[in-house]
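Following: one structure in structure tokens, then a few remarks.
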Amino acid sequence: MKMTIKQRYKITFRGYRILGKYCPGLIGFKIIGSIIESISPFINIWVSAQIINVIANDKSINKLFMYVLLAVITNFIFAIIKNVVDRISGVKEASMWDCFSKIFCDKQMSVDFVDLENVEYQHLKQKAEENLFMFGNGLAQLVWDTPGMINVIVSILASTALSISLFLADSSIKWLNSPAWILVVFLLIVIEGYILDKSKKKEQVIFSKWSDGSVWFNRAFDFYGQNLDLDLQRAKDVRIYRQDKIAENEINKMIIHNMREDGLITKMSYYQGISSFSAGVINALCYLFIVLKTYFGAFPVGNMVQYVGTLVKMTENFGNLTSALAENKIYCQHLQKLYEFLDMSGQDVAEHKTKLFDSMNNPIKKELHIEFRNVSFKYPGSDIYVLKNVSAKFDEGNKYAIVGQNGSGKTTFVKLLCRLYEPTEGEILLNGYNINEFDFKEYLRYLAVVFQDFQLFSFGIGQNVAAGIDYDPEKVELSIRKAGISDRVKNMPEGLETCLYRDFSENGVEISGGEAQKIALARAIYKNAPLMILDEPTSALDPIAEAEVYSSFDNIANSLITIYISHRLSSCKFCDVVTVFDKGMIVQRGAHNDLLLDVEGKYYELWNAQAKYYHTKHKKSLRKE
Ligand SMILES: Nc1ncnc2c1ncn2[C@@H]1O[C@H](COP(=O)(O)OP(=O)(O)OP(=O)(O)O)[C@@H](O)[C@H]1O
């Protein structure tokens with residue numbers, strides 16, 4: 001893709017702004033270090049030339065001493081500054097990757113949930129992460145290449161200043177004094193730059209081909225080479241079902257793929273060789289010109305040292321300029337890919353959503369009501385309605401159960417209520433206001449949710465329950481007691497500070513599925529939100545723990561409205577209203593006992609199916625006795 005200089009300028013400076021935000025000071029110190037590093041060789045070249053001239057011509061010991069002192073002092077000062085600056089930028093660079101991770105974390109949290117499942121989003125994210133973290137492309141290149149660019153600019157300016165007198169000084173040979181030599185030398189430098197640029201372009205094409213091919217490779221490697229083998233969550237299934245065979249097959253395919261890719265890397269080295277050769281030839285020609293001018297008396301021999309040094313630097317840096325510009329082109333393309341990812345979807349959920357109501361003008365002053373009004377929903381990229389014309393009201397002070405067969409739309413209903421997706425048709429109202437009109441963060445304060453596939457994190461128990469860095473220990477203890485897990489937590493080595501799982505702490509504890517579910521329940525209790533949604537909150541609990549949860553449910557949930565999803569219909573009896581879903585529609589609604597009266601109804605069918613099972617089991621066990 002062709003990019004204008006203006007676009008490259010904009011892309012590069014956006015990169016600097018991002019670095020300024022996430023890695024403050026890093027670029028500044030890199031630039032200072034680079035300026036010092038670029039200037040000092042020129043000072044040495046100039047001082048050396050002066051010293052040689054003093055020795056060869058006027059032989060003044062004072063002058064000699066002065067130049068030597070100047071060289072020593074400037075080198076000493078520059079070395080100290082460079083050392084300090086390098087140390088600081090080294091420390092900053094070491095934490096650069098963590099800062100980059102933060103960019104992705106911020107994006108992941110700001111993007112709409114619906115986009116997380118979007119294939120294009122996932123692809124862009126994968127590509128952007130790989131480019132940055134595996135190849136160091138884009139932002140990392142910007143960090144690494146900025147000193148080079150500064151070095152090129154400073155060196156070209158300095159070498160122009162030091163070499164201008166080479167063309168002005170006259171030798172005894174006329175044709176050597178022609179101003180045309182400025183043009184010749186300049187042309188040689190341009191030719192070298194051209195060859196370098198062309199080779200870089202070829203390299204770039206090969207690199208893009210290699211990098212495109214490696215997206216799939218890296219993704220597959222990540223899964224088969226790392227996750228499948230090492231992920232403890234999967235380890236049981238991998239062993240029992242011998243999924244390592246599939247992994248082995250895929251890894252073999254990847255090895256073949258990788259060998260093919262090796263050829264491309266060799267091709268890249270070939271182009272690097274061409275550019276090094278051309279630089280060698282051009283340097284030799286410049287040497288010849290300077291030696292001839294010195295030999296025919298244009299200037300003292302000390303100046304020859306200066307011109308040789310500066311012209312070599314000039315050609316080198318013109319070469320570097322084209323390669324720095326070529327590099328800039330490459331990392332601008334990578335940066336653009338990063339920006340495509342960063343600019344995808346809303347920059348900030350809270351910003352993106354309409355926000356008529358925030359904490360200042362919150363309209364929920366009185367009783368809480370929630371209403372689904374003619375809500376229909378299709379998942380993005382799907383043509384199938386998983387919810388069809390769903391209408392239901394939920395009033396303060398009541399407990400609601402939602403039941404239905406697998407795939408009938410219960411969890412989808414919860415996801416819509418949590419604003420993870422927006423209804424395709426219809427609306428969801430909170431006290432008469434569309435929930436989308438609330439500031440997202442403000443809206444989240446109303447909800448405490450335990451998802452069917454809840455996740456806990458490898459932090460301390462206290463932080464897990466409070467879902468925050470700081471927590472109120474008493475409130476956490478009360479929550480875990482209500483959730484029936486306090487005895488287990490008391491026995492943990494560091495109490496509430498005990499880390500869950502062993503990812504980050506050797507003293508971390510592994511907990512059972514049921515214990516994890518209780519901690520997830522405690523997290524919802526701790527939040528103390530007006531609306532509590534529990535999606536299969538007791539599916540992993542033993543019968544006694546489950547009975548405890550139900551018997552003390554009023555005590556557990558302080559919420560104004562509780563919505564509770566379960567497949568165990570006997571556990572719905574304590575709810576005031578049961579809503580029955582079937583194939584994405586609400587087919588029945590009412591109190592448990594009333595619903596059972598309708599023998600043709602779905603609820604009766606579901607209830608009977610479970611009751612019959614228990615009944616038969618019970619009879620069989622009695623018979624055995
Ligand atoms: N992210 C998704 N993308 C596309 N379709 C989805 C997605 N999540 C769920 N579905 C589909 O939506 C339908 C309803 O799923 P949902 O999880 O809401 O059902 P459920 O009643 O909660 O089921 P269960 O009792 O098994 O938990 C299912 O057919 C499912 O395949």
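For all residues, glycine too, the Cβ spot is worked out from N, Cα and C.
All annotation found in TrEMBL is predicted automatically rather than curated by experts.
Listed by sequence, the residues of this chain that lie at least six past the ends of the transmembrane segment (27-52) yet keep a Cβ under 8 A from its Cβ atoms are 16, 19-20, 63-64, 67-68, 70-71, 74-75, 78, 81-82, 85-86, 88-89, 92, 143, 146-148, 150-151, 154-155, 158-159, 162, 300-303, 305-306, 309-310, 313. What TrEMBL records for 27-52 (among others) is transmembrane segment.
Taken from TrEMBL, the feature transmembrane segment applies to 64-85 (among others).
What TrEMBL lists as transmembrane segment is 149-169 (among others).
Sequence annotations record features per position, and here TrEMBL assigns transmembrane segment to 175-196 (among others).
The feature transmembrane segment is assigned by TrEMBL to 277-296 (among others).
Annotated domain 'ABC transporter' per TrEMBL: 370-608, in sequence order.
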Legend entry - Tertiary contacts of the transmembrane segment (64-85) (same chain, 6+ residues out, Cβ under 8 Å): 29, 32-33, 36-37, 39-40, 43-44, 47-48, 50-51, 54-55
Legend entry - Arithmetic mean of per-residue pLDDT over the domain 'ABC transporter' (370-608): 87
